[in-house]
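As recorded in Swiss-Prot, the features of this protein are as follows:
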type	residues	note
BINDING	ASP23, PHE24, ASN25, ARG39, HIS62, LEU63, GLY64, ARG65, ARG121, ARG154	substrate binding site
BINDING	LYS207, GLY298, GLU329, GLY355, GLY356, ASP357, THR358	ATP binding site
Amino acid sequence: MSEIISIKDINFKSGSKVFVRCDFNTPMDEFYNITDDRRIRSAIPTIRYILDQGCSVILASHLGRPKNGYEEKFSLLPVAKRLSRLIDREIIFANDVVGNDAKTKVAALKQGEVLLLENIRFEKGETKDDVALAKELSEYANYYVNDAFGVCHRAHSSVHAITKFYDEEHRAAGFLLIKEIEFARNLIKRPIRPFVAVVGGSKVSGKLQALTNLLPRVDKLIIGGGMAFTFLKAIGENIGNSLLEEDLIEEATNILKKGRELGVKIYLPVDVVAAQTFSAESAIKYVSTQEIPTGWMGLDIGPASVRLFREVLSDAQTIWWNGPMGVFEMDKFSKGSIKMSHAIAESFATTVVGGGDTADVVERAGDADEMTFISTGGGASLELIEGKELPGVKVLLKAES
């Protein structure tokens, strides 16, 4: 793979405007208070670096998936306020993306100032990789920097089409994007061994390609979460009413077989927290995976599985974790995921956490500071591990000389 153009490769001309695509897709409560500002904090090194070059910065991001233009719950105004506090300077906020307010504020932007555009997905063309929208955005700035790893797997207008309007000397990847790619590449190509992958989440279908790509590279593989039940079914266990992807039993069998051929040890849960219904009021039982009663379903890994997995991790030098061990959103089914987070955080390994739900588990467990690296992108992180080329990264590669 060619080398990516870094922000450090660009000779920024003082007084220029720089368009920075960020990922400020942050969770908020019902009062629009940001509950986790990790993604905002992650963008700060790139913003500061550009300001230090004597430029002004135009920030663009999405938040959620708005369907019909402006919706208050998807506004980036709370992000502007939080970012202002974090970098201790005024953030000018535009009430639109390519409307009069944005254009007026971009034109008036002075050296050293920072402007945040409203949610870029309020423009319908964004998710369609619309070239006309990309051209309008490109007219705002002399340089383009992508620091939004979390959307690099999507060919969207502000990530993909916009790069057509900047040559190699005027487009680059920001510090966060480069860091994300380096961690993923090293994980796949140069892991320090023993390398253990911990894969959870609800569905095998979402992780199938990642599992296939990881198998020849890992020493041990732990499979938990809802997806484990398809594997347990494949080895003949009675899984009751637990989540099952029947059409993938054969694929699960093939993965287990391939693991044996490659000498990779694959570990599945040995016990679960079972309930008859998924609700806070439902009675629970701790049962072995061989004894899940008919009509009951496994919703978290049990204490014996936690002990087993902790033992498996004890000699690891590299750990990659993607996907919770149970339905962690509900307290009574979150213990397995929380304990797994503690076990990974306490290890002496290089620990890389895939974004999305897994990052939320780590935050909730209070282990964020103990992990080596927490990815800001769930889907993008997974696609890199799957060996796929990300559209937003491909357009930032140096031309083959």
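Every residue, even glycine, has its Cβ placed from backbone N, Cα and C.
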Largest inter-residue Cα distance among ASP23, PHE24, ASN25, ARG39, HIS62, LEU63, GLY64, ARG65, ARG121, ARG154 [record-listed substrate binders, Å]: 18
Of GLY64, GLY298, GLY356 (the binding-site residues), the residue whose Cβ has the fewest other Cβ atoms within 10 Å: GLY64
C-beta crowding around ASP23 (substrate binding site), within 10 angstroms: 26
Least Cβ-crowded entry, counting other Cβ within 10 Å, from the binding-site residues listed as HIS62, LYS207: LYS207
Cα separation, THR358 (ATP binding site) to HIS62 (substrate binding site) (Å, whole number): 21
ARG121 (substrate binding site), number of other Cβ atoms within 10 Å: 24
Where ASP357 (ATP binding site) falls in three-state DSSP terms: helix
Around the Cβ of GLU329 (ATP binding site), the count of other Cβ atoms that are within 10 Å: 14
Surrounding CB atoms that lie within 10 Å of the CB of ASN25 (substrate binding site), all protein chains: 21
